[in-house]
Amino acid sequence: MVAIETDSLERRFGSVRAVEELDLEVDEGEVFGFLGPNGAGKSTTINMLLGFVPPTAGSATVLGHDAATESLAVRQRTGVLPEDFGVYERLTARKHVRFAIDCKGAGDDPDALLSRVGLADAADRKAGGFSTGMRQRLAFAMALAGEPELLILDEPSSGLDPNGAREMREIVREEVDRGATVFFSSHIMEQVEAICDRVGVMREGRLVACDSIASLKRDLDVDSRLVVEVDRVPEGIREELLALEGVSAVRIDDGEIEVALSRAGRKTAALDAVERSGAAVEDVSTEEPSLEDLFEALTTESEVAP
Amino acid sequence: MSWAHIARKDFADAGRSLTLWVVTGLLILLVAGMTAIPSLLETEEPFGQALYFLFSAVALVIPIVGLLLGYNAVVGERESGSIRFLLGLPNTRRDVVWGKLLGRTAVVVVASVVAFAVGAGVIAWLYDGFVVSDYLALLAFTVVMGLVYLSIAIGVSASVSSRGKAIAGVLGLFVLFDVVWQSVPMGIYYLLEGSWPTLYGEGSLPAWFVLVERLSPGQALSAVAIEIVDVIDVAEIDLTAAGRVAGEVPFYLETWFAGVIVIAWIAVPIAIGYARFSRAVLN
């Protein structure tokens, strides 16, 4: 079963195309990371899924309901952690959660939800005095009300310290174990790998990749790096290395030659070239592409190596 | 019944704000103060006089109270971002507008009831002949008046995208309909007749004049109020349509029609506000 499906979804604001030709499918029960830099169209997409913003073209279906025309049914079965939300300054944390439970027509215990997100001690405090992290936890507790089938979390870890982000990931896992689908957006790649089954990466309003992280790493020619420490940097080594097949960039820095390889299998050839030049190799290390490299490759214009 | 949850939350929120207490305090001072005036003047029919003074105070203050309580009701949530909670939960935009109107009306009701209770104490202490039904009718009128101005303010609040625009809209409507409106029928009359009309005491106004005048919410409410508060015995001049227009009073100048105008002032602003809010892009 499909939890979220968009079909050529588009939203323009004036002449700006915030989201273009978006075809997305999120399966029931999966954790889907919706990634991209700020301004890539993630929030606009979520706003369309929730009925805050109508699409200018295309359509979106959430849990079998049309996102634009059957928004109430969508939101009845979805827990939402919005981005850029504001709390009711004068109401306590418990009143916030109670309100969410009432609107959902659910039977949860507000204190139980607050203790899940680590706010049990602050239940009677007014939300106006909460830190960003506490507000984020409060909003998360509200999203959990009524055991939603789908959780839509917009930048859930913003404002959370690493510990808070870890706790949030644990709750996400618990929710998935319960059978929920989780769709969350983030502009930070690191937080994603641990919990996501699949990711979609947005750039300038378009979905530029959609797959598991492992497959993305495999498919993408993200450079791995070979770092060779030498006693002296031989003349002309840069040109020699760049002439090799599979070498995309060379950086030379004070007895250290860094070779970016678009194909990991070319390491030996590069190392051979350095040794042939007469320099004594003191140390060799390699770096595999990190998630950040992957993310960067997907979300920035590819540059031609100098 | 989502609007009921929103109304309850809104009332709880507003009830913890300074606004409610300032409003209540102001009303208590006014009600107690104004009802005490006839005893100082040592007039005849002090109870009727007290009601009349009370009505004057209410007519002056309630519009401002309603507009102040309402103008930020919806747009405030848009600016703070809490609208994302409201509409991320299974509430429709209609629920939001209704819930706000209901929640803020409850604030007006509480403030009015408390103020009128204090006023009743003052009146019972100072005067004989307390007519409970008249007093309760004036209380009901106060709430209806609050509802009219809340509807106008919340209608504006739901229509616009920023607090500044809401303030401008509410102020503009207030100045147009409650300050300068009187000059509209006057101007038309001057253009038609080449002279200024006599507003009270002569019974020479054309019927249309009073109708145009009554299209303003304040005037329509006053037309209803003079039936409730027995000002005919109190005021020295006849304020009713019968005493102001030449000839027979047409149906549209009867009190029930003023009631229709009042209802329209409740229904239309909130409907326009809802229509605009339902199409708003909340980005």
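Glycine is no exception: its Cβ is also placed from the backbone N, Cα and C atoms.
Heads up, TrEMBL stuff is auto-annotated, nobody curated it.
Values in this document were obtained by computation on a predicted structure and should not be read as measured data.
If you look up TrEMBL, you'll see B:18-38, B:50-74, B:101-123, B:135-156, B:168-192, B:256-277 marked as transmembrane segment.
Between the transmembrane segment (B:18-38) and the transmembrane segment (B:168-192), the number of CB pairs under 8 angstroms, six or more residues apart, is fewer than three, so the stretches are not in contact.
Here the transmembrane segment (B:168-192) sits against the transmembrane segment (B:50-74); at least 3 CB pairs are under 8 Å, leaving out pairs fewer than 6 apart in sequence. Remote same-chain residues near the transmembrane segment (B:50-74) are listed as 10, 14, 19, 23, 26-27, 30-31, 33-38, 83, 96-97, 100, 104, 107-108, 111, 119, 123, 126-127, 134-135, 138, 141-142, 145-154, 156-158, 163, 166-167, 169-170, 174, 178, 217-218, 221-222, 225, 229-231, 234-235, 273, 277 (criterion: CB distance under 8 Å, separation of at least six residues from the stretch ends).
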